[in-house]
Structure formats: C-alpha cells, structure tokens
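Now, the feature entries from TrEMBL:
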- 27-49: transmembrane segment (TRANSMEM)
- 41-290: domain 'G-protein coupled receptors family 1 profile' (DOMAIN)
- 61-81: transmembrane segment (TRANSMEM)
- 101-120: transmembrane segment (TRANSMEM)
- 141-168: transmembrane segment (TRANSMEM)
- 200-226: transmembrane segment (TRANSMEM)
- 238-261: transmembrane segment (TRANSMEM)
- 273-292: transmembrane segment (TRANSMEM)
Amino acid sequence: MASRNITHVTEFILVGVSDSLELQVPLFFVFLVIYMLTAAGNLGIITLTTVDSRLQTPMYFFLRHLAVINFGNSTVIAPKMLVNFLVSKKTTFYYECATQLGGFLVFIVAEIFMLAVMAYDRYVAICNPLLYMVVVSRQVCLLLVSLTYFYGFCTAVVVSSCVFSVSYCSSNKINHFYCDNVPLLALSCSDTYLPETVVFISAATNLFFSMSIVLVSYFNIVLSILRIRSSEGRKKAFSTCASHMMAVTVFYGTLLFMYLQPQTNHSLDTDKMASVFYTLVIPMLNPMIYSLRNKDVKAALKRFVATS
C-alpha cells in the first residue's frame, strides 16, 4: 500500500479567471495591459526613489520596497496567467505550482507588513517630527525592511510545505488562475486539518498584527492632526499620509472582504475575483496612488525626464 503522503499528481490544471473560450483572448489583452502598467509604474517608482537625491528619506525608502514587492507579486502570477489564456492545456507542474505558491506568499505577507511599517513611519513623522530622523534612522529602516522580507520568506516556507505535505491523487483541476492554498487543499485526497489550521492561523495572525499596527498608528495620527490649530497645518499633515491611507484602505478592504464573508455565500469564484484585485489590480494602482497625489514624486519624474 502506498504511503498516505505520496503524491500521485505530477501536474495541475489551472481553470483560470474564466473557462469561457470566447473570453480568453479579450482577457489576455486586459491583463496584459494591467501587467504592463504594473511593471512600468513600479519600476518607475523604484528608479525615481533610487536615483533622485531629494527622495532619499525613510518614507521613499519604504515606498521603493513596496514597489519591489508589488512588482514581484504580480510577476509571480501574471506571466503564467497570460500564457494560459492562449493555450488549450493550462497545466502547471507540481514543483512549479509549489514555487508559485511560495513566491506569492513571500510577497503578499511582505506587503501586509510593509504597509504596517509605512503606517508606523507616518506616525513618527507626524507625532514626533523632531525625533523622526533619529527614530527612523537608516539602520532602523534596513532592519524593518529586512525583517519584513525574512518573515515573508519564513511564512512561505512553512505554509507551502504544509500545503504540499498532503496527498493529491486523481483530482488535479485547480479552480483558480494561480496556485493558492484554499483551492489546492480542496483537491487533496488526504486529511487536510493540519495544513488548513496552519493556513488559517497564519492568515489571521498576519492580518491581526499588521492591522493593529496600522489602526493604532492612524488613531494617534488623527489625534495629532486634530491638535494642530491652523487649518493649513492640518491640511499639510493630512496630505503626508493621504496616499498611504488610500492604499491601506483598498488593500485591507479586499482582504477583509475575502475573509469575513459568511460561509454560506463564500465561493472559490468570489475568491478568484478578490485575488485578481490584490495580486494584479492593487500593484497597478499603488504607483498611481503614490505618484498622482505626491508633489515630490511628480517633481522627481520631471527632473528625471529633463536629464534623460
């Protein structure tokens, strides 16, 4: 008798965003444009915050790494997704699937905590402006970013190992456009209690701690802004964190929509639509949010174009 952890499946089939044949080519062009805008926007932010001397502050250091994470996350998902729109056999090999899941987890967990780090940065900038460059020193910035990536990597190793420790037998059709935890575990022919528990605890813990940091930071920011007497001062203080507030609202709103749905209304098709948003649409929107509302980034872009 075969061991219960022996995997019989050597490849999976990805259903994709839609199984309608008529929609494959139109969807290919829609998501190609989204990915191209994502790549251009995030690579643009990375370039500007690297080469422009006026953008060498902690806020733009964190923004650069958010752009790296957004570009990485969309690149883990989009190329395979685009290829699958144009081929009839939408297969992904077992280890290719495991690698994609691991890469996705690294970047999505890193994004959750990078947004929390950026909220803390805004809190220090507004609530303790005189100590800002001391509290958020270059060493602290490097430490926070390094811990974010390291924790994302550790989470990816643990969670993806648990997901791929179970058996996958005859059923290999993943109802998703990339290899994700829930649709993969739905295919398993062995007991999934342990990996499902690990996935749930990991997701809940990450969301709880990161959202707690964001909410506490913004609660103190709002209190500080309300204590500013001049309307011009309040406006200036609010404008320094408006872009981040918008990005946080869109990102966490999408995740909460996924995880707080009533079980009766929950479906993998709904998860797919939410996943499109936080893996592809949000990475495209973030550079626009941070550049269109930011005078420093727009000025840096003009200087970059003028010197090119």
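Glycine residues also receive a Cβ, built from the backbone N, Cα and C atoms like all the rest.
As a whole-number mean, the pLDDT of the domain 'G-protein coupled receptors family 1 profile' (41-290) in this prediction is 90.
No contact links the transmembrane segment (27-49) to the transmembrane segment (200-226), because fewer than 3 Cβ pairs that are 6 or more residues apart lie under 8 A.
Sequence-distant contacts of the transmembrane segment (141-168) (same chain, six or more residues past either end, CB-CB distance under 8 Å): 4-9, 12, 58, 61-62, 65, 94, 98, 101-110, 113-114, 117, 181, 184-185, 187-192, 194-195, 198-199, 202, 206. The largest share of C-beta pairs under 8 angstroms with the transmembrane segment (273-292) comes from 238-261, of the ranges 61-81, 101-120, 200-226, 238-261. Proximity of the transmembrane segment (238-261) to the transmembrane segment (101-120) is established through 3 or more Cβ-Cβ distances under 8 Å for residue pairs spaced 6 or more apart. Within the same chain, residues 109, 112-113, 115-116, 119-120, 122-123, 126-127, 155, 158-159, 234, 237-238, 241, 245, 248, 252, 255-256, 259 sit at least 6 positions outside the transmembrane segment (200-226) and bring their C-beta atoms closer than 8 Å to a C-beta of that stretch.
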